[in-house]
Amino acid sequence: MNLIDNLIDIVNNTKRHNPLIHHITNYVTVNDCANVTLAVGASPAMADDEAEVEEFVNIASALLINIGTLNKNVKNSILKAVKKANELEVPVILDPVGVGASKFRKDFINELLETYKISCIRGNISEIKSILNLSSNTKGADASKEDLESIDNTLNIAKELANKLGLVVAITGETDVISDGKRVVTIKNGNYLLPYITGTGCMCSSLVASYCGASNDKIFEATVLGVITMGIAGEIAYENSNNKGLGTFHKELFNAISNFNEDMLIKKANFQEIK
């Protein structure tokens, strides 16, 4: 089965199976993350208390970890949830928001990656470079202009981290790069307004987790699909917002995600498999 056929299969599997996606995420974007999960046919759970995270992992099809508002209580919940997910072979998707911004975040991500199996990491170039201990000029949760690499360098960084940790890496930006260490896909969907809406990266990670939950034997393909979905939705939202501003763009983004289907995927997906 070629890549586009796999992507179509995952779109339909997600709507058919309604996988439960357990989020331990940040309180800035939690509502949008829950809603995009619903929009593609999955079901969100947003439980982050240490007392119940294991029970939610027990019934989840995927676990999404987002450290946007990391604190000591959430840290303990994440460690307990990821441990349980590994025991049950539930895929774990990691969004290392602002990992290079503080020692607390960096130390925690190092602990997480050294101790447990992560299925996929989705981040911007600054976050991915920080995880690899490459020089990075991170700007909070956003990628810095200084960290923007040539596409060849971004490809190499994605492959290096994927091979080092044995997982799928998605670096999102003007051109998105996804690699499992062997395969590489670049994606050129998207719109310049997406970075001006808080949480579009977080929402993209929720899309990835939703698709991984529906097709946990196709983590690479599910990651590609999550990134493509957000990119295509951004393009459609821009077309339908008629320059009315970010509020309308935000609304139309959700409309586009909720209407996303295999026909839109076939017509609008702009990706390349790198041999």
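The backbone N, Cα and C atoms fix where each Cβ goes, glycine too.
Here is what TrEMBL records for this protein:
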type: BINDING; residues: M46, G199; note: substrate binding site
type: BINDING; residues: R122, T172; note: ATP binding site
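Secondary structure at T172 (ATP binding site), taken from DSSP and collapsed to helix, strand or coil, is coil.
Packing around T172 (ATP binding site) is summarised by its Cβ count: 28 other Cβ atoms lie within 10 angstroms of its Cβ, all protein chains included.
Taking the Cα atom of each, M46 (substrate binding site) and R122 (ATP binding site) are about 19 angstrom apart. Cβ neighbour count within 10 Å across all protein chains ranks G199 highest among the binding-site residues M46, G199. Each residue contributes its Cα atom, and for G199 (substrate binding site) and T172 (ATP binding site) those atoms are 13 Å apart. The secondary structure of M46 (substrate binding site), as reduced to three states from DSSP, is coil rather than helix or strand. Just so you know, the Cβ of R122 (ATP binding site) picks up 30 other Cβ atoms within 10 Å once every protein chain is counted.
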